[in-house]
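Engineer: This is the structure I have questions about; it appears just below.
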Amino acid sequence: MRIRDKERTNPKFSFLTPGDPYNPFYVWRLEETRAGRSTAVAAGRTDGAAAPAAEPEAAPGPTPPPEFQFSARMPAISAQDLDVLRLTALFVARNGRQFMTTLSQREARNFQFDFLRPNHSFYQYFTRLVDQYTLILSPTDKDERMEQLRKNFEDRFQLIDAAKQRSEWVKHQEEEKKKQEEEEDKEKLAYAQIDWHDFAVVETITFTEADDHADLPPPTSLSDLQHASLEQKALMSLNSNQLRIEEAMPTAEDYDSGTYIPEPIREEDDEETMDVAMEPDSDNEDEEMARIRERREAQARAEQARAEAQGGTAPMKIRSDYVPRAATAAANRRGAAQTTICPNCKQPIPLDELEQHMRIELLDPRWKEQRARADAKYSTTNLSTTDVAANLKRLASQRADLFDVQPGTTDEGDERRKKPVIAWDGHADSRESVRLQQLQSVSMTDQISAIQKKQQEFLNPTVGPRRN
């Protein structure tokens, strides 16, 4: 009663009040204690005689064998990260732990050396490599290792006993793992028996048009994430310059599930890779302030992006494969003006007129033979027969007193002079356009007439002295 009156305002002693929900339990416990039926632990005594019977201890398993000194489980790691990790472990074993501290401070912003952080998944494997390299390079334990090897050589049954001990331990571990799996199956079965349809709706998630048009990266598989290098993980993460992905410590299942997949290694100079400067960063306070400022800027950008995503208007979707109409029209014009060299006359012919041009050339089956004889006949001179014939015709049309002018020659020359002359101004940029204009100015009728004219000149040459 005195305790109840004294602790009336204390909520911890509210069970002393008769109307409190815990008061019946307090009364029952008080009666059990007075009757001596309560346990020492439940009654708050540590020296009572009514102590419960001790639970039977589990049967001890076999003695665990010594761990392998030069063996470590390799996690899922890329070839580039593995080479950097091994080389760094070798230098740490040779130069001491102070070298690792200096290197971690210097490469704090380099994602390739994230395994130097204790909370990284590769840190455990890195420390094992450092210990192994230290045992090899340390001259103190050399005699002890040589003595152990000598004993194994002299007493070969010692190796058999060690193998037997390790096999018993492995068998015991498998049994324990099997029991654990059975317990997990029972727990899953218990969860499956729960009526999951009997639930209460707490909140409903509504997807808007902004979510449908959000520009998100493509999904990646678990294997790609496991075997990506540290630099690739930093590039794949959002705001890689401000944020880091904190990884959990690896377990035995993580090591067993991962496999080593080799990747092509960038060939770099070994001296540049091994040359690590040891200049500690003295301005740590400025770095901390810069990191805090970067985190604040990242949070501000994230809030702004979240506000834009929640807005009424959907974000603009930019197409990366858009081709302007002007570029398409220019490409069509270039495609229409494309030409090719005719295999017979060796002249540039438009692609859409090549078929008709070759059909006209092949009307006379003896055209190839005549062309071959003409080429063989005039191959010994360096004069252009076309220019000579044109000059003689122009001279004959101008000197009517010396030559018999044929009807229609003057009109043809006048028409040729009336045609616009296409000339090149000498600039390299306009050379292609001038060539296309010249090809377009030649019509199909002019080509046919030029071919027929050449055939007539080969059959009936008119150049030279006239016979009376």
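Every residue gets a Cβ built from N, Cα and C, even glycine.
Keep in mind that TrEMBL annotations are predicted by a computer and have not been checked by a curator.
According to TrEMBL:
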- 1-26: domain 'SURP motif' (DOMAIN)
- 38-65: region 'Disordered' (REGION)
- 39-58: compositional bias 'Low complexity' (COMPBIAS)
- 84-126: domain 'SURP motif' (DOMAIN)
- 164-192: coiled coil (COILED)
- 269-288: compositional bias 'Acidic residues' (COMPBIAS)
- 269-320: region 'Disordered' (REGION)
- 289-306: compositional bias 'Basic and acidic residues' (COMPBIAS)
Engineer: Mind checking which residues reach the coiled coil (164-192)? Cβ under 8 Å, same chain, six or more beyond either end.
Structural biologist: 61-65
Engineer: Within the domain 'SURP motif' (84-126), how many residues are helix, strand or coil going by DSSP?
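Structural biologist: Each residue of the domain 'SURP motif' (84-126) counted once, the result is 32 helix, 0 strand, 11 coil.
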Engineer: What mean pLDDT does the predicted model reach across the domain 'SURP motif' (1-26)?
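Structural biologist: That stretch averages a pLDDT of 81.
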